[in-house]
Amino acid sequence: MRTEYCGQLRLSHVGQQVTLCGWVNRRRDLGSLIFIDMRDREGIVQVFFDPDRADALKLASELRNEFCIQVTGTVRARDEKNINRDMATGEIEVLASSLTIINRADVLPLDSNHVNTEEARLKYRYLDLRRPEMAQRLKTRAKITSLVRRFMDDHGFLDIETPMLTKATPEGARDYLVPSRVHKGKFYALPQSPQLFKQLLMMSGFDRYYQIVKCFRDEDLRADRQPEFTQIDVETSFMTAPQVREVMEALVRHLWLEVKGVDLGDFPVMTFAEAERRYGSDKPDLRNPMELTDVADLLKSVEFAVFAGPANDPKGRVAALRVPGGASLTRKQIDEYGNFVKIYGAKGLAYIKVNERAKGLEGINSPVAKFLNAEIIEAILERTGAQDGDMIFFGADNKKIVADAMGALRLKVGKDLGLTDESKWAPLWVIDFPMFEDDGEGGLTAMHHPFTSPKDMTAAELKAAPENAVANAYDMVINGYEVGGGSVRIHNGDMQQTVFGILGINEEEQREKFGFLLDALKYGTPPHAGLAFGLDRLTMLLTGTDNIRDVIAFPKTTAAACLMTEAPSFANPTALAELSIQVVKKAENN
């Protein structure tokens, strides 16, 4: 039906007769001439109808936005004065000789000026996806997956599928359960990741595996989370953690070079402890130059409990954040930041405004200055590198609250004051995570997942001091987003059972949930390691959007609903009966 795409016509096509198929993006009726912008997935071209082709001109008068049409015409060069430098096809236009209206469009439920609520965009997603910027994002996503496949093939990885209907295993979120009609009362689980299957593939001798795969997690959603998402899943045998990172870093550098024309360079490597100490985050945005500075040792003897308490507590921390030029902040802005850190558990926000450092106490403005002598204040200014016109904010509490609150404040202030260089790319690896973290109920939970190997520890040493264990794990972070994470896996049965035991999984439960894995570990398991990238998040970064729903063709809302198809929906009672399922309604609160 077509000979060319609208968006691919150039000066080289001048004089050629072409047939185009697409949609009316815009129509302008000048009486004797009618112009339309005609759109397809490759872009937009200007088509015009003149009186010499009366039948086509008459039919063109009926055109409206989003009519689906076919046009045959001749490509012509535009006059110099009519060239549109903002369009890829702006040097040419098509003189139409014939027009076919394939399908008409009703009055559109979306505003052609693109001022639409996200709810409307999701409900009429098939119309939203016609917008050039949305089409371009999905084309970029397709390019990314193509580049990934070629890279992985070139590096000896095998694309192997793993099951969608599998067994529920604890991986940190709730499973989506699928009832079995054949096995009454039993359920499959949709995979949160192919974790165990890819490890089993290494035990099967496939050495290098990858898969671009759907995963499912029934968890509370955030702006960058979806109940179903896509991973670039990778596993290798006989490779160390640095070797895995080297190959995966090469993949990501390849993507940025091909998609953005940007060489990311070598990725710095930072430990979890250093990231938390300097940036208050295990996924630091290195485009932001500000860092946290520990000052607890300077404040242990002050008669100000807000500082002295955490400063003398082994589990406490007092950290300072120097904000270049921050002395210009108003009282209202400072109060807003004080309220902001309370979201993260902080009780408030102390500060020092540095107006003229050389004047000592007279050169600063601070509500806490009365609790600090000139010597302590000068030591704080010296350590933080404060200059005239700067602001210093303080966080004082337990280590987690200080890291969370001051880390978030660092990001917010950096954005608000334009200190974060948003023209840059700042990738890094974060390594050496704690193996376990407190579950809040006196027990431990795996910081990554229970199949991650500890670093330089025997099973006996791990059992004796699990709180000291460092995971042989690594995350890739770009511009403050965790885009991928992985680890060296446990390849020894004793170690795996030790980890299960530390997590409170008794032997009976181990056999019930992981018997197949424990059995497989008995038969010459190779050392193996892997990683998974979030394809949605990678695409989000590479297309410059901050909304993950913009890079998924048919995403869910934050309530895990599809507004277009109205999923989820109630099941047919007959289907439920066949599955031996009865829906029990919760009693309404009186």
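Residue numbering: from 1, along the chain as shown.
Using the three backbone atoms N, Cα and C, a Cβ is placed for every residue, glycine included.
Keep in mind the model is a prediction, meaning the values are calculated, not measured.
Per Swiss-Prot, the ATP site holds Arg217, Asp218, Glu219, Gln226, Gly534, Leu535, Asp536, Arg537; the candidate it also names there, chosen from Glu161, Glu291, Glu482, is Glu482. When the ranges 11-14, 195-198, 259-262, 583-586 are checked against Swiss-Prot, the one recorded as region 'Aspartate' is 195-198. Here Arg489 (L-aspartate binding site) is positioned 25 angstrom away from Glu219 (ATP binding site), judged by their C-alpha atoms. In the shown protein chains, 21 other C-beta atoms lie within 10 A of the C-beta of Arg217 (L-aspartate binding site). Through the fold, the region 'Aspartate' (195-198) approaches residues 162-163, 166, 169, 171, 209, 211, 233, 235, 449, 451, 514, 517, 530 of its own chain, all at least 6 residues removed from its boundaries and within a Cβ separation under 8 Å. Binding of ATP is attributed in the record to Arg217, Asp218, Glu219, Gln226, Glu482, Gly534, Leu535, Asp536, Arg537, and the widest Cα separation among these residues amounts to 20 Å.
Break the region 'Aspartate' (195-198) down by DSSP state and the numbers are 4 helix, 0 strand, 0 coil. Neighbour density for Glu219 (ATP binding site): within 10 A of its CB lie 13 other CB atoms from the protein chains shown.
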